[in-house]
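Peer 1: To start, I am sharing the structure in question, which I have written as structure tokens.
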Amino acid sequence: MTSFLHLILFLVCIIGSTVYSVDRGNFKTCEQSNFCKRCRSMDKNQKTAFELVPDSVILTDKYFEALIKNTNFDDVSLRMRLDGLKDSTLRLRINKDGNQMYNRFQPVHALVSEPVTESMIMARNASTVELELSKIIKVYITIAPFKLDVYVNEELTVGVNHDNLMQFEHYRPKPESIADNEIGSWEEYFKEHQDSKPRGPSAVSMDFKLYSSTSLYGLPEHAESLALKSTSGNDPYRFYNLDVFEYELYNGMGLYGAVPFLMGHGKKNSVGVFWLNAAETWVDIAGVKGHAEHTSVVESLVNLVSGSSTDKDIPRAHFMSECGIIDFFIMLGPKPLDVTRQYSSLTGTTPLPPLFSLAYHQCRWNYNDQKDVHDVETNFDVHDIPMDVMWLDIEYTDSKKYFTWDPVKFSEPLEMVNNLTSRGRKLVTIIDPHIKRDSNYFLHNDALNNDLYVKNKDGDVYEGWCWPGSSSYLDFMNPKVQEYYASRYSIDNFVGPTEDIFIWNDMNEPSVFNGPEVTMPKDCIHHGGYEHRDIHNIYGLLQVMSTYDGLLKRSNGKKRPFILTRSHFAGTQRFAAVWTGDNMADWSHLKISLPMCLSLAISGISFCGADVGGFFNNPDKELLIRWYQTGAFLPFFRGHAHIDTKRREPWLFDEQTTFLIRDAIRMRYTLLPLWYSMFKNHELTGAPVIRPLFFEFPYEEQLNNIDNEFMIGDVLLVCPVLDQNVQELTCYFPGQEEIWYDRDTYQPIKTNGLMKIPAPINKVPVYQRGGTIVPTKQRVRRSSVLMKDDPYTLVVAIDLKAIAKGSLYIDDEESFEYRNGHFIYIEYEYINNQLISKCLHCENFNTKSWVEKVMIIGIPNVFTKASIQVNGGSLSELTVLYNTHNQVLTVRKPAVGIAQNWTISLL
Amino acid sequence: MNVMENFNLFITVFCGIFTLINCTSIVKPRGIAFERASLYVPDKDFSCFDGSYIIPFSFVNDDYCDCPDASDEPGTSACPNGTFHCTNAGHTSLVIPSSRVNDGICDCCDGSDEWANMLRKGTCENTCEELGRAAREEAERVQKIFVAGHEIRAQLIAKGKELRLEKQNRITELFEIQRSAELTKNNTLYAKETAEEIEKSALEKYKIMNDEKKRQENEKEKLKDQNEAFEIFNQIDTNKNNKIEEEEVEAYATFDQNNDGTVSQDEKDYFMENKKEITLEDFVLNGWIRLKQLMLVENMDVKDTELPVDVDNDRQVEETEDQDENEDDSDHVEDDVKYTESEDFDESQYDEETKLIIEEAKQARNAFEEADRKFRDLQREVTHLQESLNKDFGPEDEFAALDGECYELSDREYVYKLCLFDQITQRSKNGGSEVRLGTWNSWIGEPKYRTMLYDRGQHCWNGPQRSTHVRLSCGLEPALLSATEPNRCEYAMDFVVPAVCVQHSERPSAPVTDAEHDEL
């Protein structure tokens, strides 16, 4: 039996490394997914079958409700409910009225809480119902054909069903004889897999026109540019969480995650559309500049010719889902940061991560044993490279049985963890959702005895094939499973008395090696009688919810969990960080990591990164260096590698490589106070931690397609080197009244537009925005915990008016005590040659940190000394040093506690 | 709280400057070795070592980095690239990066790197005495092994020299023997060729007889084939009109080449050569041949599908090939094989004289083979000896005595076998064939004669050829200590052997940390 298993694994491996990119034939096209084919073939020029029933209209102080009839089926009517939500947001839900044959699934798990409604005012005439929300927003509902016009400040902003593509297929009994063109609605084959579809057709769809936008963004996860492309002539963007082996770039194939959030952006305003549906979903995009791959010349010509038609130029999206209800939100901005705030008030923000998780992570499939882990850790110290977290991939388990340890290679897990924690470090171990079918495995036995597994269409426990061989899959839809799974993480059940092991949930699409499209058959049955097709895209979210719960309970709710997940959905940001999955050691994959993480960031998931170095294949040292230099500026920063690759720890190349990688990682550590403050700000406001340039400069249209640069908060502009053999690169500097200061040389750049930048191998082009103050820690130690009490250096970069502002957030870096007010929040302002520190929230947290240095960039050489006044006390003098080469004035050692109120005056 | 804060800062600044050493009046800045203390003169301004700045002496060790070269802060963590020196009295002194000063971790055994924390809590106890003693004991132990090992090494060197001499002598000796063996070989070759010539002409008449017999047999065969064709023709020709027509072909399953259950037009056309009907004559001349091919193809198809699937088979083939490359006696067999063509001859028909001639030829061949084999054996022995002499057994031949010696190591899953200067293998405890992890190649790396490279091992599935680095260190008994696979298909072994117990300034390499080695 085992040798058979080995043979299979071996075959998998063979396939693994001889094929160099994705086998598209393993994944469906829209044409092969029957509901997509049905929805996509709807005719825009055909009047919609749906009409509002005028007599049914009701407006309460909470919502508007009405019936919609389907003119093709007299006996079927739908019920729509429109909610006006606070903060310029609308929600529309359409479900069948009355009973239906099967419950339609609603993935409310994505929502952080029940959205708060606001009252609306209604007016109506024979053909239209008019609803007004918070004075500036008006919704006109046309009765027949059913459609919505959303106006903001009297301007048409969003149109719903303007292209007549609304669909709602009601459940119906299976007919005795099925017409040829309907066979696919009742049964579908893909390769050797049958989808039995016992419930028949149940698709829903809707089209949206974003009248005020010029570009569309979001809809992660796809290996695609930041700006979405027209899908005409190609497949739509697909949402179906899949383990895509060696994925290709720049296309709309479904990847590991699905966040059906779309952002439209134009000079005047920005809007968002959130399509809340967990089933397989496809989205057609049109009316935007730029075209998806493989567009024929003829097609481009057609677009060019018909370009004069204004209707064609309106960005639009057509969402099509296999089942569920029509449930969507429209967020009306008006600015990008307003849209992300509105979206995150629905799906939540990332709770402030423990600081270590923002530091550097070291991973490999696999570190062979506990000695290997120790040796690698030791080498980080030998080469004086900071590192916070060691990771263990699947091989640490006893025969891929999660929550167990290999009895020989990892015989002393607790000792291993304690070795790490003695240097302030942590351990992350992988826990996948598939469970080995092994009668000697407690988890499998528990699952069988307590009925915790997903069932197949015949009601038996579903069996698939994954890392351990024959496996079954926990049904996280079941509250019993959620509770059981969470308790696996408790100290008694896992490793022993440590809270320093954190969790990596992988393969949670779920990945099933022998399943259709490498996942679970859609006719499998979950708790509550739902089919897998109903819930597929939230399977991974459900797993991380349980894991989060488990980690929380492990510390009695005291310590912040850290989880990394591959599969994700809207709302995943509340529980876990996300990485871009199994990428490749290739320059193109370094490049795509920016738009992939930016798309996730504007869709609520800021805590994102890509495997530094690339997962498959071996990076050369140049690629590895550039990847570290880039990865150090993405929120999640982890080196990772496939088991078949050569070791690539930073010291295994040459001295220069070690040195440059060390520099990149150290740069990350000096900026940890900024990252931490940004994440705190994200938790409060939903503002993405990393952002596309247009977020900060929404009026500058040239920025709309830039995705090889990004900003960290509103402070740093990162223009990383993403190509081989680069000595010079071109960066775009946004904003007309801006100054950008090079973070290495402090040289100012006042250009608005493109500029050439010298970028030899040791250069990481990063710029601080004039007008900002960045708190840093310059004493980089072995791990972030060891820097907790260290002093701060404030880097003040002045703008054209010689003003700058900044802030700093400090707490215990690991617990939830900050929610009880135990934190420090400080605002800094530099104005009139004075730097003022106002500690706005300082009472309930003590820190030993102090201010060791203040650097003021971009000021003339006119000051000879400085004075400091602490808490309104007496003045004391400070030494200043002016560097005429870079116009940086350094105030020497203010030596004041960071949580004090003080003013430094330049004299 | 504010007061407390300021107090702490004050302490930090105050304590940062000096440490009082013993009860003398000598003062050295914290984090500086005694030898360098004179560079810091308290009553003078301090000049950064790189000359960049001159600062008041009070700025030295004041927990603020003034000098870009870190020279003003030897005792604090203020400078990013500075170092801290701990005296570690009772043990060896240590230099650590400044970033390890006051980070809560005791790096110096005297605890001096955690001075700020010591003052508060006494976090780091002075463990130098204890550690120093242990280190000295360990050094002593290693030294003992070293001395003893060095003696054994001397014996190995002597043995090595002896072996070299022996080999050289043996080669000279072999050259002599080889010369006479070659003579014998040439003589027997001549005798063999002569005897075979006679044998050939003696067998000539039988050959002619035999050819005639074969011709007759062929004739018979042809007739049989024709009869068969008639029979098949009649079978297909169901309406017995002496013609094969399309409808008759349709009913005959052999023509369904793609096995789809029907005989398609294409399949019919192929057989009928686009004709409507085939006469008997036509069939015998052409159709029958095509029909036979169809039957044959059918058979072959079945075989084809069976062949390539079994990957394990492929692998074994590959492995055998690999091994063949390393066996040098694979070349001489073939030309000796074909000496009698007489298999289909009936030997009983030979007369007595012929039998005698054949017997003589056989004996001549045997004699030659024997002589040839002897010659080759000698040749091989010489080659081996020469190869062995050319192997790098170290500057003093200290490894020569170990040539070909094998050592095993058994872990949970495998038994590893290292045969020095030969090859390394791995055998799974669960059975299965041995896997070669490498064949001796050369010494690599610095210092020389400490790391052996065995490469060109068996291919990994879909990966590189296996290779192994063997790291040598001093030990009294040769032994294989560890075997790991840090990269896929790249193995690393630790091997102790007295041959490397060299008494130079260079320290013995006894318990080296793997940290250094992983970077090979």
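One is the number of the first residue shown, and numbering goes on along the chain from there.
Each Cβ is built from the backbone N, Cα and C atoms, and glycine gets one as well.
TrEMBL annotations: computationally assigned, not manually curated.
Copying in the features that TrEMBL gives for the protein in this structure:
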COILED    B:199-233  coiled coil
COILED    B:361-388  coiled coil
COMPBIAS  B:307-318  compositional bias 'Basic and acidic residues'
COMPBIAS  B:319-334  compositional bias 'Acidic residues'
DOMAIN    B:224-259  domain 'EF-hand'
DOMAIN    B:404-503  domain 'MRH'
REGION    B:307-349  region 'Disordered'
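Would you situate these features in the structure and describe their surroundings?
Peer 2: Away from its own ends, the coiled coil (B:361-388) comes close to residues 167, 170-171, 174-175, 177-178, 181-182, 184-185, 187-189, 191-192, 194-196, 198-199, 328-329, 332, 336, 339, 403 of its chain (Cβ-Cβ under 8 Å, at least six residues beyond either end).
A Cβ distance under 8 Å defines the sequence-distant neighbours of the domain 'EF-hand' (B:224-259), meaning residues of its chain 6+ beyond its ends; these are 267-268, 270-272, 276-280, 283-284, 287-288, 291, 294-295, 297-298.
Applying DSSP to the domain 'MRH' (B:404-503) sorts its residues as follows: 3 helix, 57 strand, 40 coil.
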Peer 1: Reported in the order helix, strand, coil, what are the DSSP residue counts of the domain 'EF-hand' (B:224-259)?
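Peer 2: When I sort the residues of the domain 'EF-hand' (B:224-259) into the three classes, I find 21 helix, 3 strand, 12 coil.
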Peer 1: Let me know the model's mean pLDDT on the coiled coil (B:199-233).
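Peer 2: Averaged over the coiled coil (B:199-233), the predicted model reaches a pLDDT of 85.
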